[in-house]
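Marked as transmembrane segment by TrEMBL: 33-58, 70-99, 119-137, 149-173, 211-232, 244-267, 279-301. Taken from TrEMBL, the feature domain 'G-protein coupled receptors family 1 profile' covers 48-299.
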């Protein structure tokens, strides 16, 4: 999938220029260590999420709505970190910090597109848990593979249109002042503020979009778990209640890991608790790239069904006591 933006750009004298210069971490000591950490995060992101995708693909028993949602999150995680991290190595290690207009706005689109999808993917997982617990006997008929696929397709299409509009609007602005983007990549905010035109609408759009993308899914997840808690309390057996809560724990952990670092980073920035812009950019970058690495690890360790399949795939599956009894009998 490719996205091309070809607006006209001008400087103050009417001559055209060709792009931006990404500048960040200039005042940050040992910035190469940060790049090394991010590179390790990226490698772990690839290994973990590709393992999840492979295990689900090779096991027909996992071809169900829950794991379709998990695979969707894995794909989003891989692409999200692939858009952000690899391009940082030549920029901040080799100082190849020039980026063309077309490449900048293309990167902006994909970075925000898959960042938004990360948030909505967690909401889809909450929906799956709600149906599984609130309608346990009708789960297979309500939440079919086709239905969850349609839901995901609608989300991908809706987010595509939303981000396409915001990025195309930013790309249509005239850029005649500074070409220095003070960020680790072509983020929407640090780019459109460089325009030599009225950016009031762009600013309002960016704020509205951020609130919708972050707090829309978070509100849905919150309401979902209120309903789940009420439903679980009606279950007579304490063992069944514990089992129901355990099935939700993994997803809640993913939500916590995704939202907490981002919210803390924005709080630190808005309250000016971090004075250095470079340090704030570094904190925000790690906050955004860390969840895609941790998601497959959490699912592998906390989901018994998936962890057993991974152990079998790796050839380290231990024989269970039940299977020993069956062999001995």
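Using N, Cα and C of the backbone, Cβ positions are placed for all residues, glycine too.
Worth saying up front: this structure is predicted, and the values here are computed from it rather than measured.
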Outside the transmembrane segment (119-137), six or more residues from its ends: residues with CB under 8 Å to it: 65-66, 69-70, 72-73, 76, 143, 148, 151-152, 155, 159, 213-214, 216-218, 220-221, 224-225, 227-228, 231-232, 244, 247-248, 251, 254-255, 258
PLDDT averaged over every residue in the domain 'G-protein coupled receptors family 1 profile' (48-299): 87
